[in-house]
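Peer 1: One structure follows; several queries about it will come next.
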Amino acid sequence: MAAVDDLQFEEFGNAATSLTANPDATTVNIEDPGETPKHQPGSPRGSGREEDDELLGNDDSDKTELLAGQKKSSPFWTFEYYQTFFDVDTYQVFDRIKGSLLPIPGKNFVRLYIRSNPDLYGPFWICATLVFAIAISGNLSNFLIHLGEKTYRYVPEFRKVSIAATIIYAYAWLVPLALWGFLMWRNSKVMNIVSYSFLEIVCVYGYSLFIYIPTAILWIIPQKAVRWILVMIALGISGSVLAMTFWPAVREDNRRVALATIVTIVLLHMLLSVGCLAYFFDAPEMDHLPTTTATPNQTIAAAKSS
């Protein structure tokens, strides 16, 4: 039977003192639930994976693809579906406008600015602004050309607004639609690396037209040489954006087909710019020259002489 002294409780002192007295003893540390455990220096933190994700952009790419999938999840007959096409902030619009004005050789405009979030807000308002810029500048140019002529009477031509709107919006929608159908047809025949959606193509064409807004305003200058220099500069900037964007989509195709596609894109763009300059600014305005009407005395004199 155990002695009475063996059944008595003993008071333990500091754990460090106990460990000093008995090195083989083990202790259990019960921490406060509100106290956070200290980081052990030897534990891995996964810094290598974080650095890889930061360099490769895996985390951001996954989030972008997830958000893009969420944006397109609404049915097409709902307002929310079309609202996503205008979900863009001012910084993104200005950044894409800057990219269309300063094309970088070797850089794809779609992958660099549009692929994460293609929009219709920028293209719509760029086309609308260009329509009014061409129509108003064309009327002012006509007024300045005939300024000082006694036989000229200025009458605003509001029909130029509707004509300019038809030309600009038809170009900004029908040409991308035809190009998208052509690329889809060629991709079904030839394995291609780059493929664009219809919304991305419309976005590229819309932002490429921004350079023509200041150009149309400067076309008011009544000098044909200055106008043609301006149109060549605008055509070079916007045409290079289109060529560098769509060349990766066709370069894996047949060489002749690829070159013919790029040449057709540039020629249509040239036709738009030259046509707008020739019709709205260089066309002679003879409709507003007042016709001379014979007075009654002149009519009687002409009858007597006959």
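Here the Cβ of each residue, glycine as well, is placed from N, Cα and C on the backbone.
Unlike curated entries, TrEMBL annotations are predicted automatically.
Quick paste from TrEMBL:
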type     : residues : note
REGION   : 14-62    : region 'Disordered'
COMPBIAS : 15-29    : compositional bias 'Polar residues'
COMPBIAS : 50-59    : compositional bias 'Acidic residues'
DOMAIN   : 101-273  : domain 'Yip1'
TRANSMEM : 120-141  : transmembrane segment
TRANSMEM : 161-185  : transmembrane segment
TRANSMEM : 197-222  : transmembrane segment
TRANSMEM : 228-250  : transmembrane segment
TRANSMEM : 257-281  : transmembrane segment
Peer 1: Same-chain Cβ contacts of the transmembrane segment (197-222) under 8 Å, 6 or more residues past its ends?
Peer 2: 85, 96-97, 99-101, 109-110, 114-115, 118-120, 122-124, 126-127, 129-130, 133-134, 137-138, 140-141, 144-145, 168, 171-173, 175-177, 179-180, 230-231, 233-234, 237-238, 241-242, 245-246, 269, 273, 276-277, 281
Peer 1: Please give the sequence-distant neighbours of the transmembrane segment (161-185): residues at least 6 beyond its ends with Cβ less than 8 Å from one of its Cβ atoms.
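Peer 2: Contacts of the transmembrane segment (161-185) (Cβ under 8 Å, skipping residues fewer than 6 from its ends): 123, 127, 130-132, 134-135, 138, 195-198, 201-202, 204-206, 209, 246, 249-250, 261, 265, 268, 272, 275-276, 279-280.
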Peer 1: Along the domain 'Yip1' (101-273), what average pLDDT does this model show?
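Peer 2: Mean pLDDT, the domain 'Yip1' (101-273): 89.
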Peer 1: Give residue numbers and ranges for long-range contacts of the transmembrane segment (120-141): same chain, 6 or more residues beyond its ends, CB-CB under 8 A.
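Peer 2: The answer is 85-86, 88, 93, 96-97, 156-157, 160-161, 163-165, 168-169, 172, 199, 202-203, 205-207, 209-210, 212-213, 216-217, 219-220, 222, 276, 280-281.
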